[in-house]
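Novice: Would you mind keeping the following structure in view while I ask a few things?
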Amino acid sequence: MPLGMRLVTWNINSLRLRLPVLEKLDATLAPDIICLQETKVPDPLFPADALRNMGFEHLHYKGMKSYNGVAILSRHPITPLEKLPDWHGKEDCRHIGAQVHLPSGPVELHDFYVPAGGDIPDPETNPKFAHKLAFVEEVTEWFTTRKRDRTVLVGDFNIAPLEHDVWSHKQLLNVVSHTPPETERLNAWLNVGFVDAMRHFVPASEKLYTWWSYRNRDWKKSNRGRRLDHVWITPDLVPDLTGMTVVREARDWDTPSDHVPVIVDFSL
DNA sequence: ATGGTCGAAGATCGA
């Protein structure tokens, strides 16, 4: 195994349907650890053998029928984090975590799939939006009391916090994913003690997206993207950052997800 | 302002 850790986060939108493109990602970009969201597969049907054959010997996953689901695929040994909170009283498979045992020492890794929040940005009339806001608040509170070093948070946070994380700040201010109640809460979570590893490499003044809707005739031409997927790290890991890649070409792979993989490289 | 397209289901629901 080469020196350094290559970490990927990807909302794959059905793991079983997209095993072929996952193999393509693995073959072309050789990640050491992949965190997936929206696997949409119950645990008994999880394709563990196929993933082990790809070289990911260490697996941790939590899925359910039809919706949600998260998974960590690793070439390094991992110890799953037990007894993580049951956010918002729901057992809906939106968070798993693990200690990753790297040659340089353990790193704590969290994989999140934050609720999308429905269409109407009003917690009074839209319970999905209320759930989303509450989820972020609960997670924020939880991390304030947890150790905050050698920790990495990744996932589909379903919020694009910065002006240039969306194609039109003005037109999306009242669209779920970019409303002030969401972006304020995401910033509060970040400010518990994390660093935005993607923006470490790309200044806030530059557009940066990880998701393009299926509902555009030509995603590349219209380019109405949003940065919904994130990699956050504790400040002690910043000196170990060596690179970041948004795998845009994956949006054109055969039967693509609407999200593309995000790679972060570490000298760990 | 609207609708557009996916995936898992096996009708719609969630995104």
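Cβ from N, Cα, C; glycine included.
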Novice: Per TrEMBL, what member of A:E38, A:E137, A:E182, A:E184 joins A:N11, A:D156, A:N158, A:D258, A:H259 in binding Mg(2+) at one site?
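Specialist: Matched candidate out of A:E38, A:E137, A:E182, A:E184, per TrEMBL for Mg(2+) with A:N11, A:D156, A:N158, A:D258, A:H259: A:E38.
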Novice: What number of additional C-beta atoms lies within 10 angstroms of the C-beta atom of A:H259 (active site, proton acceptor)?
Specialist: 23
Novice: Neighbours of the Mg(2+) site A:N11, A:E38, A:D156, A:N158, A:D258, A:H259: Cβ within 8 Å of the Cβ centroid, same chain, sequence order.
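Specialist: My list of surrounding residues reads A:N13, A:Q37, A:Y113, A:W211, A:L228, A:D229, A:S257.
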Novice: With every protein chain in view, what's the tally of Cβ atoms within 10 Å of the Cβ of A:N158 (Mg(2+) binding site), excluding that atom itself?
Specialist: 25
